[in-house]
Amino acid sequence: MFSRKDIIVLGMMIFALFLGAGNIIFPPMEGFSSGQHWTSASLGFVLTGVLMPFITLVVVAILGRGEELTKDLPKWAGTGFLVILYLTIGSTFAMPRITNVAYEMAWLPLGLTENNANVRFVFSLIFNLIAMGFMISPNTIISSVGKFMTPALLVLLIAVAITVFISPLSEIQAPSNAYENSHSLLIGLTSGYQTMDVLAAIAFGGIVARALSAKNVTKTKDIVKYTISAGFVSVILLAGLYFSLFYLGATSAAVAEGATNGGQIFSRYVNVLFGSAGTWIMAGIIVLASLTTLVGVTSASADYFSKFSVRFSYPFWAALFTAMTITVSQYGLTDLLRITIPALLLIYPVAIVLVLLQFLRKKLPSIKFTYNSTLLVTVCFSLCDSLNNVKMLPESINSLLKHFPLSSEGMAWLVPTLVMLVASIFIGKALHKTHS
């Protein structure tokens with residue numbers, strides 16, 4: 001039986017898994033830029049940064065695992081997409097980046113050691129071995145993350161949020177030109193889209209499904225019920241946090257001068273509010289947020305790759321990905337970001353469309369035709385966005401791409417994909433009549 005306490009613990013686990021260090025340091029800059037429009041901007045951010053991943057999580061939990069989203073694609077295409085997804089959000093790019101964030105934003109400000117390659121390696125080794133200790137047995141993840149790490153993280157974040165609303169550092173300033181000239185809700189939507197949490201939801205859905213299965217929750221109706229209930233807990237927590245961080249950014253004029261990212265704004269704000277203790281509070285928040293995401297993503301990646309061969313089990317892949325993360329994290333953040341972004345621009349739209357098609361699947365007259373044709377269009381346009389990001393897109397194609405709606409927001413794929421989806425449904429009906 002899944003009790004109310006179990007729902008709360010699962011909800012807190014989902015919250016902690018999504019709440020990576022990047023999710024904490026990104027909203028303050030958006031809040032600072034949106035200024036007096038911070039409420040509508042944060043609403044847009046929450047819609048795409050919280051609601052969309054939540055919907056994806058429910059869909060994947062019902063299916064049982066993320067790979068079920070690709071079952072109607074050719075096997076090579078589905079496997080290729082998932083391998084790229086898990087490597088991108090996992091030990092090849094995102095997890096080394098999280099390790100670097102923990103090192104540079106949590107450890108170094110404490111001033112306990114010098115900043116050099118040896119210290120970075122030792123920190124990466126210890127940090128990832130601690131994470132591996134939590135993930136080596138997947139059945140302990142809900143317990144370790146939901147019962148221990150999340151409450152500690154919440155205490156620190158709530159302390160910051162309450163203090164920010166009680167004692168804001170500055171009056172809310174006028175919005176930047178981008179927010180002044182455009183509808184702040186739409187900019188917030190785009191900003192939330194850039195969190196890439198839909199990709200993480202595909203990975204985390206399997207963790208939620210296993211957590212429910214461990215409590216003998218296997219019926220679809222019950223999976224939906226408890227996933228929505230637990231997910232609602234995480235939605236409330238994440239939305240509350242994001243609104244707080246947007247407000248922090250909107251009232252940060254006194255400390256934001258010269259800041260190039262939200263992490264700097266957050267760090268300065270916390271240090272002013274809490275004095276010398278602020279450095280330790282900041283370190284605690286970043287380390288716990290980084291650790292929970294590291295545990296969740298690496299565990300999900302190991303679980304997926306363990307399906308390929310019985311010779312290489314979950315512990316083997318967990319150890320391998322931990323070693324990869326430690327190795328890759330020795331490179332700088334700039335290099336990691338430069339390589340990661342093009343991969344994300346390619347696969348994120350595909351993930352969104354896969355979730356959309358899953359909702360429509362039972363109503364499609366020709367499932368495989370709609371999947372293949374719609375995703376082909378999505379991949380073509382998202383590939384253009386990816387190549388354009390690294391300045392490898394031919395100018396002739398780039399000039400044509402600019403004529404598509406939302407191309408300036410990096411979403412040129414959206415309208416052509418929807419057009420192809422509708423067209424494929426009509427074509428599928430015609431094909432169905434022809435063969436009947």
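Yeah, the Cβs are placed from backbone N, Cα and C, and that goes for glycine too.
On a predicted model such as this, the values are computed, not experimentally measured, just so you know.
Per Swiss-Prot, the features are:
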TRANSMEM  7-27  transmembrane segment
TRANSMEM  43-63  transmembrane segment
TRANSMEM  76-96  transmembrane segment
TRANSMEM  122-142  transmembrane segment
TRANSMEM  148-168  transmembrane segment
TRANSMEM  185-205  transmembrane segment
TRANSMEM  228-248  transmembrane segment
TRANSMEM  277-297  transmembrane segment
TRANSMEM  314-334  transmembrane segment
TRANSMEM  339-359  transmembrane segment
TRANSMEM  411-431  transmembrane segment
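If you look at the transmembrane segment (411-431), the same-chain residues 6 or more away from its ends with a CB under 8 A from one of its CBs are 190, 193, 349, 353, 356-357, 364-366, 369-370, 373-374, 376-378, 381-382, 384-385, 401, 404-405.
Tertiary proximity for the transmembrane segment (7-27) is limited to same-chain residues at least six positions away from its ends with a CB under 8 Å from its CB atoms, namely 42, 45, 49, 53, 57, 97-98, 101-102, 105, 141-142, 145-147, 149-151, 153-154, 191, 194-195, 197, 200-201, 204, 207-208, 211-212, 226, 229-234, 237-238, 241-242, 245-246, 248-249, 261-263, 266, 285-286, 288-290, 292-293, 295-297. By number of Cβ pairs under 8 Å, the transmembrane segment (43-63) is matched best by 339-359 from the list 148-168, 277-297, 339-359. Per-stretch counts of Cβ pairs under 8 Å to the transmembrane segment (339-359) identify 76-96 as the leading one among 76-96, 148-168, 277-297. Sequence-distant contacts of the transmembrane segment (148-168) (same chain, six or more residues past either end, CB-CB distance under 8 Å): 12-13, 15-16, 19, 237, 240-241, 244, 247-248, 251, 269-270, 273-274, 281, 284-285, 288-289, 291-292. Among residues of the same chain six or more beyond the transmembrane segment (76-96), those with a C-beta under 8 A of the stretch's C-beta atoms are 66-67, 70, 196, 199-200, 202-203, 294, 297-298, 300-301, 304-305, 321-322, 324-325, 328-329, 331, 336, 339-340, 343-344, 346-347, 350-351, 375.
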